[in-house]
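Now, the feature entries from Swiss-Prot:
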- 71-76, 105-109, 129-130, LYS142, LYS151, 169-172: NAD(+) binding site (BINDING)
- GLU184, HIS247, HIS264: Zn(2+) binding site (BINDING)
Amino acid sequence: MERIVVTLGERSYPITIASGLFNEPASFLPLKSGEQVMLVTNETLAPLYLDKVRGVLEQAGVNVDSVILPDGEQYKSLAVLDTVFTALLQKPHGRDTTLVALGGGVVGDLTGFAAASYQRGVRFIQVPTTLLSQVDSSVGGKTAVNHPLGKNMIGAFYQPASVVVDLDCLKTLPPRELASGLAEVIKYGIILDGAFFNWLEENLDALLRLDGPAMAYCIRRCCELKAEVVAADERETGLRALLNLGHTFGHAIEAEMGYGNWLHGEAVAAGMVMAARTSERLGQFSSAETQRIITLLKRAGLPVNGPREMSAQAYLPHMLRDKKVLAGEMRLILPLAIGKSEVRSGVSHELVLNAIADCQSA
């Protein structure tokens, strides 16, 4: 069992990583006997895990209600958020309730925002079931829903009480979702840890076949890196912005193509190549290192080009609505070397468009 602590003073919390955690009531601390829980999951995961998690919580004396959401990025919306509020109010659940997010990034982000908002804030626990949510979205307290004009535009910083990562969930993950999660894994190597990127080049095949020790190390290292960044910059005023490598471009793809048509990790993968091409055009990143990124992404089964039907010009309106924009100016996360990156302002729109075009025709 691996245990990492996100250090945020009184709001510090553990990330527990192991197989078989759904069999142990102690995995879901700080829940105690007699407490009330709203378990939030989706229609795909409910048949796989709902009864199991409900059973282990009830075994611990917890009173469990549940709400099952539709599955897909397009349902990460205000309308679906309202169904969670309605379920909480109908039971009813008070300010002492705990929301448990059992699912991937959509369930986790939406449930976290519900917890941040319901009666001005109730406790919640993240139980991520996808690789992407286990290595990234469940850690750090970013919660949100989407708007038709932009991804994650309505949300709050709100930390969970704990994160429970059961590696067994990956056994039911579709290959496309596994690849999507690997995009965020590769991101950590590019922006923060060149040695980890090297390890990924050597061990990617083991991750693709869900080798237990390799996957446990991979998830632990990603969570360690994320925890360090969040502890240093919880509200993304500086260092934490680096975690958005590829996301400014990727969110544009998701919004333009319709949420759910491109998985988040797929869009981020293409976006990371666009960021690398931008950095190349600025003369601060080598084409050889861009090729290393492209090769690893392709091995993971990820796209390295944007959608053919989306012109370079179509990216700009979305990118100019990005949450990192300051005083009307785009701020891009750009690699300087494998393992080192920066937040860069003042890059001309023409250069960015040319970098995007490089990835459309490649």
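Each Cβ is built from the backbone N, Cα and C atoms, and glycine gets one as well.
Sequence features, as recorded in Swiss-Prot, placed on the structure.
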{"residue": "ASP71", "record": "NAD(+) binding site", "Cβ within 10 Å": "18"}
{"residue": "GLN74", "record": "NAD(+) binding site", "Cβ within 10 Å": "14"}
{"residue": "GLY105", "record": "NAD(+) binding site", "Cβ within 10 Å": "26"}
{"residue": "GLY108", "record": "NAD(+) binding site", "Cβ within 10 Å": "31"}
{"residue": "THR130", "record": "NAD(+) binding site", "Cβ within 10 Å": "29"}
{"residue": "CYS169", "record": "NAD(+) binding site", "Cβ within 10 Å": "24"}
{"residue": "THR172", "record": "NAD(+) binding site", "Cβ within 10 Å": "13"}
{"residue": "GLU184", "record": "Zn(2+) binding site", "Cβ within 10 Å": "27"}
{"residue": "HIS247", "record": "Zn(2+) binding site", "Cβ within 10 Å": "25"}
{"residue": "HIS264", "record": "Zn(2+) binding site", "Cβ within 10 Å": "28"}
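Neighbouring residues of the recorded Zn(2+) site, listed in sequence order and excluding GLU184, HIS247, HIS264, comprise LEU132, ASP136, SER137, ALA183, LYS187, GLY246, GLY250, GLY265, ALA267, VAL268 (Cβ within 8 Å of the Cβ centroid). HIS247 (Zn(2+) binding site) and GLY108 (NAD(+) binding site) have their C-alpha atoms 18 Å apart, to the nearest angstrom. Each residue contributes its Cα atom, and for ASP71 (NAD(+) binding site) and HIS264 (Zn(2+) binding site) these two points are 14 Å apart. HIS264 (Zn(2+) binding site) is 9 Å away from GLY105 (NAD(+) binding site) when you measure Cα to Cα. HIS264 (Zn(2+) binding site) and GLN74 (NAD(+) binding site) have their C-alpha atoms 12 Å apart, to the nearest angstrom.
For the pair GLY108 (NAD(+) binding site) and GLU184 (Zn(2+) binding site), the Cα-Cα distance reads 16 Å. Distance noted between the C-alpha atoms of GLN74 (NAD(+) binding site) and GLU184 (Zn(2+) binding site) is 20 Å. It is 19 Å from the Cα atom of THR172 (NAD(+) binding site) to that of GLU184 (Zn(2+) binding site).
In this structure, THR130 (NAD(+) binding site) belongs to neither helix nor strand by DSSP; it is coil.
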